[in-house]
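Annotated features in Swiss-Prot:
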- 97: active site, schiff-base intermediate with DXP (ACT_SITE)
- 158, 185, 186, 207, 208: 1-deoxy-D-xylulose 5-phosphate binding site (BINDING)
- 243-262: region 'Disordered' (REGION)
């Protein structure tokens, strides 16, 4: 079970709702993955006219999965705060995935503005899930601001590169053992999702890896299974890697001709 801000969710997978081939494929992908939450941009939900926006919102409601609005596209504190407040009215939720982009090419989060915006929103009663980098100090500042969970990236949004800074992510996990950490952005394969879950991360958020795959519905299922298996592996406790071979079969009771002494 995934616990965020005192609320428990049956899945450790979160799924984005952008860039699917058709609304029906989006709906089927959500139903197949059974994610804890689905993320949606206020701008996306309201685009294409009132009828289109209402239809998209109705589709999301039909899935029965909790909605996590985000502030995608925001580049200033005021813009992010205003968008979050509007999203709370539209989606009737205090949950917000806080995104504040500092660079248009890498889509890297602006951690300085992120901390400021998080402080404002938390004081306003929001449950903030900040999209951040794997920088330990920046993550600590977000926790100091009142965030109870973090969403560090694995790689830049949409790249599918997997965990490019494995060392930093593992350090983050080690130094913040009691903080829910959800890997957000940069994963492209189910095996990459399983890997970060094996490292002890609490969840994974995906969008592009599913929506732009050849078969989003089956890819959604593949990622759901990968997240589950990765978590099971972490909880089971994998064997430690060794430099030398170690026989798995015991030597006790071997025939005399296999003995080292004759």
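Glycine is no exception: its Cβ is also placed from the backbone N, Cα and C atoms.
Location within the structure of each feature annotated in Swiss-Prot.
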residue	record	Cβ within 10 Å
97	active site, schiff-base intermediate with DXP	26
158	1-deoxy-D-xylulose 5-phosphate binding site	15
185	1-deoxy-D-xylulose 5-phosphate binding site	26
186	1-deoxy-D-xylulose 5-phosphate binding site	24
207	1-deoxy-D-xylulose 5-phosphate binding site	21
208	1-deoxy-D-xylulose 5-phosphate binding site	18
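Residue 185 (1-deoxy-D-xylulose 5-phosphate binding site) sits 13 Å from the residue listed as 'active site, schiff-base intermediate with DXP', taking the C-alpha atoms as the reference points. Other than the site residues 158, 185, 186, 207, 208, same-chain residues with C-beta atoms no more than 8 angstroms from the centre of those residues' C-beta atoms, the 1-deoxy-D-xylulose 5-phosphate site, are 16, 155, 156, 157, 159, 160, 187, 206, 209. For the recorded site, residue 186 (1-deoxy-D-xylulose 5-phosphate binding site), the DSSP three-state label reads coil.
Residue 186 (1-deoxy-D-xylulose 5-phosphate binding site) sits 16 Å from residue 97 (active site, schiff-base intermediate with DXP), taking the CA atoms of both as reference points.
The binding residues for 1-deoxy-D-xylulose 5-phosphate are recorded as 158, 185, 186, 207, 208; their greatest pairwise CA distance is 10 Å. For residue 97 (active site, schiff-base intermediate with DXP), the nearest of the binding-site residues by C-alpha distance turns out to be 207; the candidates were 158, 207, 208. Taken residue by residue with DSSP, residue 208 (1-deoxy-D-xylulose 5-phosphate binding site) is part of a helix.
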